[in-house]
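Trainee: Below is a structure I'd like to ask you about.
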Amino acid sequence: MEAKLTEWQVVGLIVSTILPTAVLTVPKAVVPYSLQSSWLSILAAAALALVVARVACAVCERYPGQTIFRIIERLLGKTAAMGIGLLLSFYYFTVAFYVLCQFSDFMTATVMPETPAVAFQILLMIGVVYAIYLGLEAIAKANNLVLIFSLFTLCLSAVLLFKEAHAGYLLPLLEMPFPNIIMGAYAPLGWLSEVTVIWLLAPSLVSGGSVRKTACLGVLITGAALLGVLLESLLVYEPYQLTLLNYPTFNVFRKIGIEGVLERMDPFFIAVWTSSVMMKLTVFVFGAVYCLCEVLGIRHRGPVLLAVALLVTVYASASWENSAQLSLYGKYTFPVFVYMFNIVIPILLLLVASIKKRSIKA
């Protein structure tokens, strides 16, 4: 990987890897468990995600400047490196088609219900392929612009929703028991654990850049954004109302308006959110292609990129028949899958690295 990224570009890519899909449904994922105390679940998830970030970074820091495949090869051998590399490629591929499904499901459910989902999927994937063709540096620069607009939109919405806020919806503050808070943190921790994308980005970090600092900053910024979105939703809707909405964040934005100046803000939200999802999808398709090429020793990635993009689109268009099936997958199956790759594997690699280091010293 010849591209060189600044610390803030890496931070931006980490935020965009997590935030776009999480921001859309975070109230629906958390509120059913911890109700008005859901903000505590976000704080708990962010704290645990910082631990995940430190574990993932510890693996990279033991072998600075090397790709994750060279690291695994040094720890476990070439055969294990190829096996884990293929698994990581499958992980990025799976997340990519799931993100594409979420995007098309949202667009057909709320914006253009008569348009086939596959049309949205093809259009978005064309943009993704072009972005990857331009390279990682171009992706990072474009992502920073998209991220600035996204965070500005969230901040502006907080100001414009002030008149709609009902502080009483947050009371009583600490009523929910600890198990409910932890259950509410289950989905957000899965999203925030995607900070392990730092494994892809660390070799491209400019000399002198701190892998650990960028990963932790990415988690903190994303956690703060999710907390802000959740609080906005809780201040506008009562907890039980949020559990009934498929896309509560979008419903919150529909309430925003300035008479005579800005009647509706939801089209602006859709435009910014679509750009953000494209950035997220770009990172995961890039990850799938990069891992596959590294494992198989393929130098020219163009044909692999086209093949992966086609497979992601085909798989996304044929995976689920309706929104209910997609929602069930996202609620029960997908988090387990993410936990395995983003938490279990990094912990195991760090344990192996620690044992190997001690054996060398002995």
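Here the Cβ of each residue, glycine as well, is placed from N, Cα and C on the backbone.
Note that TrEMBL annotation is computational and uncurated.
What TrEMBL lists as transmembrane segment is 7-26, 38-59, 80-98, 118-136, 143-162, 182-202, 214-237, 268-292, 304-320, 332-353.
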Trainee: Below 8 Å between Cβ atoms, which of the listed ranges 7-26, 80-98, 268-292, 304-320 makes the most pairs with the transmembrane segment (214-237)?
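Mentor: Ranked by Cβ pairs under 8 Å, first place goes to 7-26.
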Trainee: Are the transmembrane segment (118-136) and the transmembrane segment (304-320) close enough to be called in contact, which here means at least 3 C-beta pairs under 8 A that are separated by 6 or more residues?
Mentor: yes
Trainee: Please figure out which one of 38-59, 80-98, 268-292 racks up the most CB pairs under 8 Å against the transmembrane segment (7-26).
Mentor: 268-292
Trainee: Please figure out which one of 38-59, 143-162, 332-353 racks up the most CB pairs under 8 Å against the transmembrane segment (268-292).
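Mentor: Of the candidates 38-59, 143-162, 332-353, 143-162 scores highest.
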